[in-house]
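Peer 1: Sharing a structure below in C-alpha cells format, with a few things to ask.
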C-alpha cells in the first residue's frame, strides 16, 4: 500500500473528471488532499485535449444530461487511445432507463479499466436482480458474484463497494473490510473513492493491487477520522476525513 | 415535532431535487444528516422516472437556465400526478424578469404543496412591494399578510422565512422564532430548509404541523450548533450545523 | 487595508459571478463571510438584468462550456456599460485551445478592470513561455514581467498569484508575501480570491490599493487559520479559513 500511495504523491497525477455537480468540490478537495491533481473540464470542445494531458480519467454519471454524454464518451475514447486508466462510476444506473441507456452507450464506445459502483448499480449492469432506492443500493445478495460477472461481461476489473468492498481484477477476488458507517452519511463518498481509485491506477501496476490500496486506504482514512475527538456527526466528520486522506498509510493503520 | 421527525427517519424518504448548483452538495449533506435520501437528477429524459420513485419533490430556481425549465416543470407534473408533496422555492424571483416568468410558468403547470421563500420573494409573487438586493430580501413589512395572500392566490400553503418564520396552511397562521443569525452567513441555508421541509411533508399529515416542525427543528439545530465551543464563525458553524441536523429534537431543545 | 475592508462590509456589495461549478459553494460562503453578497445567476436571459443590479462582476472560466460563453460576455458588457469593476480569471487558459479562444473572445468584447490568475495563465495571455499542468502553474520565471506585460497589452491591471502575489496597476508594481501553502491544497482558493478582489474593487479607489488589500488580507486570513489548534490538514483548514475571512484586519495582523 505504501508504495502505491507514495508513487501517486511523488507524481501528483492529473485526473480528468467528468463527474456530477453534487460532488465536484468534495472530489477535488479530497483528491488534492490525497496528493493527486483534479481537473473538471466538461466542454465537448476541450475534453479530448484535456484527456491528452491527463494521467487518468474518471467518468461519473451522477447528474448526467443528454447534452453532456458526448463529452463523456469523447473523454473516454481519448483516454483509451492514450492508454491511461479509465474508471466508470455508473451512479444510479438502475434508477432510470435514461441512465441505463447512457451507460450502455459509454460502454459501447469506451473500454473502462475499472467499473466501480455499489452492488445495486453493478448488479443492474449484468442483469442480476437487486433492490435500489434512488441512487442508493439497499438489496441483499452476493457482491462477489456481481463483481465476477461484471468483470467477465465487460472484460474489465470491477469494484463493488459496500460494507465489504469486493474487487475482481486479473482473475483474482480481493476484499476490503476497512471503512466506517459515516461514509454513508455524506454525499459523494463513493464518487470521491472513484477519483482516488483512478489516481492509484496511474501507478501502472496491474489493477488488483492499486485498486485494493485505494479502497483500503480510503476505509482506513474514514476509520481514523471518525475517531477524532472533534467529530460528532457527518458534518464534522467530513473535514477530518479530508485531512486523513493526506496522511501516511502507516499513520492510518496505527503502526 | 418528535413524531414527524421520527417518521422521516424511519422511512428515509427519497427527495428528488431540481435545485441550484450552488447548494447541491450542502443540500445533499444536510438532508442525509437529517435522515432522508436526496437525489439530484436533472436530465429532462429521466426526471419523470425519478419523480415516480420519489416521496417528495423540491423545485428551486436559484441558478435556473431556460434549458432546465422543462425538466423542472415535468418533475412537478409527475409529482402532482403521483400525489407526493412539491415544494417550490422561487429563489430571487423578484430579481429579474426571467425568474418571474419562469416561476409563473411553473405555477401554471404545477400545483405546489408549499411555496417557500423569503419575504421579498413571496411578496413579489403577490405584487406586494418589497425591497430586495440580488437574491436577498432586505425589505420591511408584514410577512403574515404576504403568507396569507400567497396561500390564497396560489391555493397552497406558504412559508415565509425570516427572523420569524411564518406559515400559512389550512387556514392557520403559525410562527417560529427559533433560528440564528449565522444561518444568514452561509449560502443555501434557505435552500436546505426547503429540502428538509419537503422531507417532513412526506409524513402525510396536513401541511401546517410538519411545516412548523421543519422550520422549528431547523432553527433549533442552528441555535444548538452556534453554541458549540468549536464554532467561531460561519465556516466552523457549517459542519456543526450539519451534525446538529442529525440529532434528536429533545437534544436540540435542551430537554 | 482597514478602510477598504470596512467600506466593503458597510456596503455589502452585490458581486455577480459567472464562475465554475467546482467552486460556486465555496466562493459564495467565502464572500458572505468576508462581508459582500454573492449572486450566481447564469441564464443568458437574465445576466444583463443581474449585472445591472450588481456592484461588481467576476468572470471565471474554470468549467466553461460553449453554451455558457455568451452569458459571460453579456455580463461583462453590461458591467462595462454600468461602469462597475469586472475581474477576469482565465482559469487553465493555457490548457486547451478552447479556453484560449474563449478568453480571447471575452477580451475582444469586455474590458476587464483586473485580469487575475497564476503565472502560467497570465504568461499564456502574453505569449511568455511557462510550464503548466492541467489548471496548475508549475513553471519558474519572472511574475513581475508577466504582470507588466498583461497590464500593457490588455490596458488593464494584472494580479499574478503565487508564493508572492504581484499586482501591476496604474503603473505601479505591488507585492504581497502573506499566504500559506494550505491554500494550494484546497480547490478554488484562487477563485475565491477573485470574488474578494472584485468586492474590494467596488470601493471605487484606484485599482492598486484595493487589489493589494484583497490579496494581503486573503493571505493573512490563511496564515491565521492555519495556526488554529484545530487545523490539522486541508479539510479542517477550510472552515477555519472561512471564519478568518470574517475577521477584522487588525486581528489577522496580530495587532
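First residue shown is number 1, and so on along the chain.
Cβ atoms are placed via backbone N, Cα and C, with glycine included.
Because TrEMBL annotations are produced automatically, they should be read as predictions rather than curated entries.
Features from TrEMBL:
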type	residues	note
BINDING	C:40, C:188	substrate binding site
BINDING	C:116, C:161	ATP binding site
Peer 1: Under 8 Å, Cβ to Cβ, against chain A: pull out the ones among the binding-site residues C:40, C:116, C:161 that qualify, in sequence order.
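Peer 2: Near chain A, no listed binding-site residues qualify.
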Peer 1: If proximity means a C-beta under 8 angstroms from chain B, which of C:40, C:116, C:161, C:188 count? These are the binding-site residues.
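Peer 2: Checking chain B against the binding-site residues, the residues within range (Cβ-Cβ under 8 Å) are C:40.
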Peer 1: Out of these binding-site residues, C:116, C:161, which one has the fewest other C-beta atoms within 10 Å of its own C-beta?
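Peer 2: Ranked by other Cβ atoms within 10 Å, the binding-site residues C:116, C:161 bottom out at C:161.
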Peer 1: According to DSSP, which of helix, strand or coil covers residue C:40 (substrate binding site)?
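Peer 2: Once the DSSP labels are grouped into three classes, residue C:40 (substrate binding site) ends up as coil.
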Peer 1: Between the Cα atoms of residue C:188 (substrate binding site) and residue C:161 (ATP binding site), find the distance and write it as a whole number of Å.
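Peer 2: Their Cα atoms are separated by 13 Å.
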Peer 1: Measuring CB to CB from residue C:40 (substrate binding site), give everything in the same chain under 8 Å that is also at least six residues away in sequence.
Peer 2: C:16, C:17, C:19, C:24, C:28
Peer 1: Tell me the Cβ neighbour count for residue C:188 (substrate binding site), meaning other Cβ atoms within 10 Å of its Cβ, over all protein chains shown.
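Peer 2: Other Cβ atoms found within 10 Å: 26.
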Peer 1: Would you mind pulling the DSSP three-state label for residue C:188 (substrate binding site)?
Peer 2: coil
